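Structure record follows, encoded as structure tokens.
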Amino acid sequence: MFTKSQLFATSLAASVFALASCEGDNRTDEINDKRESHAEWIEDYQERDREITEKRAEIDQWYTGRETQAQGTATQGQQGTAARQGTTQQNQQDQVVSDPNTMEQLMSRRNEMYQKHDAMKTEHKAIIDKHNSFFNREDLTTMSDDEWNNQRDLLESDHDRIEEDQKHMKDELDELKSELDNLTENRDAPANQQNQQQRPRN
């Protein structure tokens, strides 16, 4: 038969085991939640980066249209190709740059932004790979609470910082595109204004 002290020790050991098991289950649930949340965040990150890439393409298209105008070397075949590409390029052909010097300055700024974006993506990839590697570790359920909490907080902090990086880059590119658009005016605008001025009044 068990003595009272033996029964107490057995009961205490069982309680400690149950508590440890419960904490392990809680950690497992939290790991799964964080892993799923991180995967969803990566999808959002990729979508935000696609938006930045699309804005870069819009800016490049703007410059391509203006450079073609300046060179004046478009052939009939090139004009036919441009017509098939839709109304955006046609609209560009109907516009002229009002300040070529400013356009060159903005081109330099564009190149700096692109370099910054490329470097930013390289840095982000390294951070994301590091967190992906962390979630593949086999000791996540057994590591100390301090280590787990530190890694969890670092993950959230990195997510916030990367989102802010992307937002800032997108805002800068939007501003650049707006400034470029303000450099153009309709090719026939002065002629139209002159015709309106010369039109006799009834």
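Every residue gets a Cβ built from N, Cα and C, even glycine.
These features come from TrEMBL:
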- 68-95: compositional bias 'Low complexity' (COMPBIAS)
- 149-188: compositional bias 'Basic and acidic residues' (COMPBIAS)
- 189-202: compositional bias 'Low complexity' (COMPBIAS)
- 61-97: region 'Disordered' (REGION)
- 143-202: region 'Disordered' (REGION)
- 1-20: signal peptide (SIGNAL)
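For the compositional bias 'Basic and acidic residues' (149-188), same-chain residues at least 6 beyond its ends with a Cβ under 8 Å from one of its own Cβ atoms are 30, 34, 38, 41, 45, 48-49, 51-52, 55-56, 58-59, 62-63, 92-99, 102-103, 106, 109-110, 113, 116-117, 120, 124, 127, 131, 134. Here the compositional bias 'Basic and acidic residues' (149-188) has, by DSSP, the following mix of helix, strand and coil residues: 33 helix, 3 strand, 4 coil.
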